[in-house]
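**Student:** Structure provided below as structure tokens; questions to follow.
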Amino acid sequence: FKAGALCSRLHSLVDAEKEAKKEEPEEPESHTNGDLQLPVGNGTIENDVPQDENQTMLSGLPKQETKLYLSRFAILAVFSLYSLVNAFQWIQYSIITNIFTEFYHVSSGAIDWLSVVYMLVYVPLIFPATWLLDLKGLRVTALLGCGLNCIGAWVKCASVRSDLFGVTMLGQVLCSIAQVFILGLPSRIASVWFGPREVSTACAVGVLGNQLGVAIGFLLPPVLVPNTVHNIGLVGYNISVMFYVTATISTVLFIATIIVFKDRPPLPPSRAQAVLLGIPSENYSYKQSIVNLFKNVPFILLLISYGILTGTFYSVSTLLNQMIIEKNKGEEVNAGRIGLTLVVAGMVGSILCGLLLDQTKGYMKTTMVIYVFSFIAMIVFTFTLNLGYLVIVFITAGVLGFFMTGYLPLGFEFAVEITYPEPEGTSSGLLNAFAQVFGIIFTLIQRRLTTAYGAQVGNIFLCVWIFAGIILTALIKSNLRRHSINIGLVNSLEKV
């Protein structure tokens, strides 16, 4: 609806509420959203989630039973684990860049591309990947993501020779394609399998697996592949051990995915899912869904601001080794530990954000607070990095990680709320695509600035962009559509 029509509709709702006791309820009507239709009735507005979540009555809809299944925890656990392995393979090269440059006889820029390829591949493949998720569901998408990750891990096992850099790049490309079928799933799994009071926490746990993989990627490679470049044979053996262990774990998780994953539970977990299940599949258009999302101004603002902050995280993670050893030669292990601190603190932030959102639904306030504190933490990290005290870097990196990576699941869930009833995988996929684009741009520019002028200048460049992201975030109009459905506000749905 246009603004005037929407205001008129809202006023009529209030008038209808006053006359509710005098008039009989009318037949439900159907509002069209592009090719998508949602039944809408004229029932009363509720102020809270009903106490009985097992039986729900949506205004204008038949009674719909909802139920939560224990298998949802197994699905979330398996997904989190194979997402962990995929994220580990993203960062396992760049955290020991100097060792891989010596082993493969390539430049540090070539090793950076082993990280950047994750971002580069994601952008063109996100649209077919989200289309496949909407068409075939969670199981097929999960099997593709986990299967490609497994194949990529085994290809890397065949690349442990100084003249086989191309083979290790091929393995990394396969893993990066797998990532396209992984990153957008947390919000979809949370929405399809989890109830309204646990959906944000479930999404945070799904993202947590990926963050934990990055954390382990910072920690283990410097330990498994120590700096023994004077003995290339030993370096090759250590790399081989790391690759084979990763491939074995990936295989076990692929088998677990085959056994555990299902598209959706027999009964929906929430009112919002019950409404979506009532929409005939022939009324859905992927093209129209994309058009609707790009017409949604709050989502566009979130898209850009999310891309800026998450792209900053990708850039900092990729170049962390080079930033640390610039003034601290031989500190590869501590560089990994600082990266671990960055991500583990972010994991704590993710879980706390998820729990907070499930209780308060304060998406806008939480987003602004995290964004502002990320900016402050990035400034402090920038100007303490080269003081020569690694303990200070550990502390500032932890604070930066708490806010910056804690923002990741918040962005997913906020997007789902303001774009409902559009598919969760599509909105999450677009968020990740913009994050990858900004990640590529930021990594390439920051690497050039760091090489030419030092790490501080490169980080100041990122600070400027984060400040721009704060301004964009402040302009977002918060309209929690999914939450409104879950608490019974189904009287109207504005056109998106």
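The backbone N, Cα and C atoms fix where each Cβ goes, and this holds for glycine too.
So TrEMBL lists these for the protein:
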COMPBIAS  16-32  compositional bias 'Basic and acidic residues'
DOMAIN    75-481  domain 'Major facilitator superfamily (MFS) profile'
REGION    16-41  region 'Disordered'
TRANSMEM  73-93  transmembrane segment
TRANSMEM  113-133  transmembrane segment
TRANSMEM  140-158  transmembrane segment
TRANSMEM  164-187  transmembrane segment
TRANSMEM  199-221  transmembrane segment
TRANSMEM  241-261  transmembrane segment
TRANSMEM  297-316  transmembrane segment
TRANSMEM  336-357  transmembrane segment
TRANSMEM  369-385  transmembrane segment
TRANSMEM  428-445  transmembrane segment
TRANSMEM  457-476  transmembrane segment
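What's the neighbourhood like for each of these?
**Tutor:** Within the model, the domain 'Major facilitator superfamily (MFS) profile' (75-481) carries an average pLDDT of 86.
Residues 100, 111, 114-115, 118, 142, 145-146, 149, 152-153, 156, 172, 175-176, 178-179, 182-183, 185-186, 189, 193, 202, 205-206, 208-214, 216-218, 220-221, 242, 246, 249-250, 253-254, 256-257, 260-262, 317-318, 339 of the same chain lie 6+ residues outside the transmembrane segment (73-93) yet bring a C-beta within less than 8 angstroms of a C-beta in it.
Away from its own ends, the transmembrane segment (297-316) comes close to residues 119, 323, 342, 371, 374, 378, 400, 404-405, 407-408, 411, 414-415, 418-419, 427, 430-431, 434-443, 446, 459, 462, 465-466, 468-470, 472-473, 475-479 of its chain (Cβ-Cβ under 8 Å, at least six residues beyond either end).
When Cβ-Cβ distances below 8 Å are used as the criterion, the transmembrane segment (369-385) is approached by residues 305, 309, 312, 323, 327, 349, 353, 392-393, 396-397, 399-400, 402-404, 406-407, 410, 455-456, 459-460, 462-463, 466-467, 469-470, 473 of the same chain, each at least six residues removed from its ends.
Residues 112, 115-116, 118-120, 122-123, 126-127, 129-130, 133, 183-188, 293, 302-304, 306-308, 310-315, 318-319, 411-412, 415-416, 458, 461-462, 465 of the same chain lie 6+ residues outside the transmembrane segment (428-445) yet bring a C-beta within less than 8 angstroms of a C-beta in it.
Long-range contacts of the transmembrane segment (457-476) within the same chain: residues 298, 301-302, 304-305, 308-309, 312, 315-316, 319, 323, 364, 367-368, 371-372, 374-375, 378-379, 381-382, 385, 418, 438, 442, 445-447, 449-450, each at least 6 residues beyond the stretch ends and with a Cβ under 8 Å from a Cβ of the stretch.
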**Student:** Restricting to the same chain and to residues at least six past its boundaries, which positions have a Cβ under 8 Å from a Cβ of the transmembrane segment (199-221)?
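**Tutor:** Tertiary neighbours of the transmembrane segment (199-221) are 72, 76, 79-93, 95-96, 182-183, 185-187, 189-191, 193, 242, 270, 317, 320, 335-340, 342-344, 346-347, 350-351, 353-355, 357-358, 405, 408-409, 412-413.
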**Student:** With the transmembrane segment (241-261) as the reference, which stretch in 113-133, 140-158, 164-187, 336-357 has the largest tally of C-beta pairs below 8 Å?
**Tutor:** 140-158
**Student:** With the transmembrane segment (113-133) as the reference, find which of 140-158, 164-187, 336-357 contributes the most Cβ pairs under 8 Å.
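**Tutor:** Answer, by Cβ pair count: 164-187.
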